[in-house]
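Colleague: This is the structure I have questions about; it appears just below.
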Amino acid sequence: MMECYKFPPGFDSWKFFELLATNETAGWDLLPPYYQNLTFECFRGHQNSTDLANRSPNVIEVLNSTTVTILRIMTRDNEVPYIKAHAWISIVTAIIGILGNALVLAAYGQKFKEISICRRLILHLAVSDFLFSILQIANSAPSIHAADWPYGEGVCKLVRSSLLLGSLVAIGTMFIIAIERYLGIVHGMKFMNGKRRVTFALIAVWITAIATTIPVAMALVFDPTKSDCEEQWFHMGLTTTGREFYDFFLLIAWFFVPLSIIFFCYGSIINLLRKPLHKRGFAGEKSADFAKRRRKEDLRVVFTLTVVVVVFALCCLPVRVMWILFNFIDINTLSENEYFALIYTGLIPYPLHVAVNPIIYCLVDREFRKEFRKMFGGILDSGKSSKDGKGSQRRESNVILTSCMKVQRKFSENESLERNSNQMISL
């Protein structure tokens with residue numbers, strides 16, 4: 001039965017079936033011990049099945065003629081603690097992402113028409129991270145109580161593929177930010193109508209990102225025997241070569257290429273800003289003062305954005321490298337702890353990318369901190385004004401009363417002086 005075959009990521013399933021059909025135990029030896037145990041237990045429960053005998057007549061003979069020595073049997077129960085730990089990390093990270101990106105939306109969204117194109121793109125990135133943080137909670141919450149998938153196959157395809165979509169939209173948005181900064185600073189007035197250009201670029205990012213996640217959505221299936229949502233590329237008629245190509249495509253087209261262009265853009269900006277002002281066309285004293293302030297502001301923004309890109313790379317690179325490694329290493333040589341260490345070294349940093357940007361803004365961007373304080377200062381001031389209303393009225397009445405008393409005293413003094421002068425005149 002097809003559901004009895006459980007393959008690790010990057011496994012050559014078609015070679016396995018070819019060897020199995022010729023009654024060779026070599027196909028069985030291709031499976032790591034953990035997956036050998038899963039397949040063996042599944043087929044042992046279906047040995048009397050007519051369907052099994054009709055579809056795979058050589059399987060039982062191969063299984064019976066194969067000596068399976070498993071020093072440490074790896075079952076799903078062994079992985080449950082890792083799954084729950086990863087789920088907790090993902091949920092806590094997602095909550096931080098929701099709160100942090102909500103603050104970014106509140107700080108910049110209230111004056112959307114006034115902020116620059118760069119700030120609008122940062123706002124778009126915050127909206128994207130906010131939405132995918134919610135989906136991240138929906139994906140990880142069921143694993144807290146049991147390592148099962150309760151939603152069915154439709155949500156399996158939607159939610160799991162959206163986790164990849166979130167990182168693709170993020171790197172695409174950062175790519176547009178870098179291009180916008182490069183065109184605006186290095187080429188200056190040569191490129192106008194930036195808002196329209198940026199809008200079309202964002203639409204293109206979303207379309208290409210969604211198209212890129214379609215193969216994963218097709219490969220994701222809900223396995224009722226394990227109550228799990230997992231990728232099974234072979235059921236689409238693809239060989240593992242297709243999965244290998246897809247992993248390399250993500251690593252190159254959606255990681256190394258955009259990051260290389262981003263760092264080129266920021267490097268060009270920094271190189272330009274370090275040039276003397278007279279070589280950049282600023283001659284007048286006022287222009288020079290303005291250029292110094294503008295250069296300081298541009299360097300601050302570029303530094304903040306560079307930190308955002310570097311941290312994003314540190315979060316997303318491990319999982320991309322992990323899937324590439326699974327295509328080349330022999331999983332049979334790994335112990336259970338080594339296998340789980342490799343898996344979760346890639347998986348654990350990945351969800352952090354939805355939460356780190358607001359933290360970076362608070363630590364690095366002085367302008368964001370000022371907007372943040374201004375926003376909360378306005379809230380606190382409005383609260384104080386209602387409490388201090390009566391006190392301010394008392395102070396105002398006291399000031400008015402004091403002023404009236406001073407005027408009256410001055411008037412009395414002038415009146416007495418006038419009487420004295422009249423008396424002197426009469427004398």
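Keep in mind that glycine also has a Cβ here, set from the backbone N, Cα and C atoms.
According to TrEMBL, the record shows the following:
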TRANSMEM  87-109  transmembrane segment
DOMAIN    100-361  domain 'G-protein coupled receptors family 1 profile'
TRANSMEM  121-138  transmembrane segment
TRANSMEM  158-179  transmembrane segment
TRANSMEM  200-222  transmembrane segment
TRANSMEM  248-273  transmembrane segment
TRANSMEM  301-329  transmembrane segment
TRANSMEM  341-364  transmembrane segment
Colleague: Who are the long-range neighbours of the transmembrane segment (87-109) in its own chain, taking Cβ under 8 Å and residues 6 or more past its ends?
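Modeller: For the transmembrane segment (87-109), the nonlocal Cβ contacts are 115, 119-120, 122-123, 126-127, 129-130, 132-134, 136-137, 139-141, 143-144, 348, 351-352, 354-355, 357-359, 361, 368, 371-372, 375.
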Colleague: At a threshold of under 8 Å on Cβ distances, which of 121-138, 200-222, 248-273 pairs most often with the transmembrane segment (341-364)?
Modeller: 121-138
Colleague: Given a Cβ distance threshold of under 8 angstroms, which distant residues of the chain, six or more beyond its ends, lie next to the transmembrane segment (158-179)?
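Modeller: Same-chain contacts beyond the flanks: 118, 121-122, 124-125, 128-129, 131-132, 135-136, 138-139, 151, 198, 201-202, 205-206, 208-210, 212-213, 216-217, 220, 229, 254-255, 258-259, 261-262, 265-266, 305, 308-309, 312, 316, 350-351, 353-354.
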Colleague: Under 8 Å between C-beta atoms and at least six residues away from its ends: which parts of the chain pack against the transmembrane segment (121-138)?
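Modeller: Result: 90-91, 93-95, 97-98, 101-102, 104-105, 108-109, 112, 115, 159, 162-163, 165-166, 169-170, 173-174, 176-177, 180, 198, 202, 351, 353-355, 357-358.
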Colleague: So what's the average pLDDT for the domain 'G-protein coupled receptors family 1 profile' (100-361)?
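Modeller: In the predicted model, the domain 'G-protein coupled receptors family 1 profile' (100-361) has a mean pLDDT of 85.
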